[in-house]
Amino acid sequence: MSGPRPVVLSGPSGAGKSTLLKRLLQEHSGIFGFSVSHTTRNPRPGEENGKDYYFVTREVMQRDIAAGDFIEHAEFSGNLYGTSKVAVQAVQAMNRICVLDVDLQGVRNIKATDLRPIYISVQPPSLHVLEQRLRQRNTETEESLVKRLAAAQADMESSKEPGLFDVVIINDSLDQAYAELKEALSEEIKKAQRTGA
């Protein structure tokens with residue numbers, strides 16, 4: 001795939017990835033583009049098909065995975081999630097820096113491709129803070145909350161693995177985390193601005 005170097009943003013649910021990503025895309029709308037992932041889960045209130053996710057059936061997604069149409073895919077809480085090659089190519093075709101929001105399994109899958117992105121992990125300051133954030137969302141059942149927290153603990157440990165991420169941001173303060181994210185991407189932003197992304 002050609003075009004500007006992509007960015008892989010990862011971290012546990014509730015760490016603030018989506019909030020940071022929305023802010024980045026708003027401030028740099030002509031520079032970054034969001035790779036819209038596919039999922040077999042049901043939409044949450046306010047989510048739009050084709051904007052937040054492509055909501056598809058398990059059968060359709062399994063067929064496309066088998067056909068090699070996905071850069072990465074993973075299963076969480078009985079639902080499939082994945083990034084299609086077409087979604088990344090669509091952003092790159094606009095000469096924008098493609099941002100992929102993926103889980104840890106997705107990061108490992110992408111490492112095995114020729115994509116060569118910048119890997120950034122967004123982590124909560126603690127598991128306790130993360131639990132508070134997830135409870136405030138009020139979108140999880142107790143069972144799914146327990147699963148998310150277990151996955152988050154593994155994610156937080158893996159973020160310390162040498163060489164897995166280029167940058168790890170601890171999101172204790174949204175403004176500070178956003179400043180760190182922009183700093184981590186400053187060279188790519190400058191390159192994209194010079195080439196008229």
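Every residue gets a Cβ built from N, Cα and C, even glycine.
Listed in Swiss-Prot for this protein:
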{"type": "MOD_RES", "residues": "S2", "note": "N-acetylserine"}
{"type": "DOMAIN", "residues": "4-186", "note": "domain 'Guanylate kinase-like'"}
{"type": "BINDING", "residues": "G14, A15, G16, K17, S18, T19, R137, N171, D172", "note": "ATP binding site"}
{"type": "BINDING", "residues": "37-51", "note": "substrate binding site"}
{"type": "ACT_SITE", "residues": "R44", "note": "active site"}
{"type": "ACT_SITE", "residues": "R137", "note": "active site"}
{"type": "ACT_SITE", "residues": "R148", "note": "active site"}
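Overlay of Swiss-Prot feature records on the structure.
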{"residue": "G14", "record": "ATP binding site", "DSSP class": "coil"}
{"residue": "R41", "record": "substrate binding site", "DSSP class": "coil"}
{"residue": "N49", "record": "substrate binding site", "DSSP class": "strand"}
{"residue": "R148", "record": "active site", "DSSP class": "helix"}
{"residue": "D172", "record": "ATP binding site", "DSSP class": "coil"}
On average, residues of the domain 'Guanylate kinase-like' (4-186) score a pLDDT of 91
Quick one: Cα separation, R41 (substrate binding site) versus S18 (ATP binding site), in Å? 17
Nearest by Cα to G16 (ATP binding site), of the recorded positions P43, N49, K51, R148, is R148
Around the Cβ of E47 (substrate binding site), how many other Cβ atoms lie within 10 Å? Please give the count over every shown protein chain. 13
Surrounding CB atoms that lie within 10 Å of the CB of G16 (ATP binding site), all protein chains: 22
Between the two most separated Cα atoms in G14, A15, G16, K17, S18, T19, R137, N171, D172, the residues recorded as binding ATP, what distance in Å do you get? 17
Which of G14, P43, P45 (the binding-site residues) has the most other Cβ atoms within 10 Å? G14
Once near-sequence residues are set aside, which residues in the chain of K51 (substrate binding site), 6 or more away, have Cβ atoms under 8 Å from its Cβ? V36
Compare the C-alpha of R148 (active site) with the C-alpha of each of the binding-site residues S18, E47, N49, and give the closest one. S18
Cβ distance under 8 Å to D172 (ATP binding site), same chain, sequence separation 6 or more: which residues? P125, V129
Rounded Cα-Cα span from R137 (ATP binding site) to E47 (substrate binding site), Å: 14
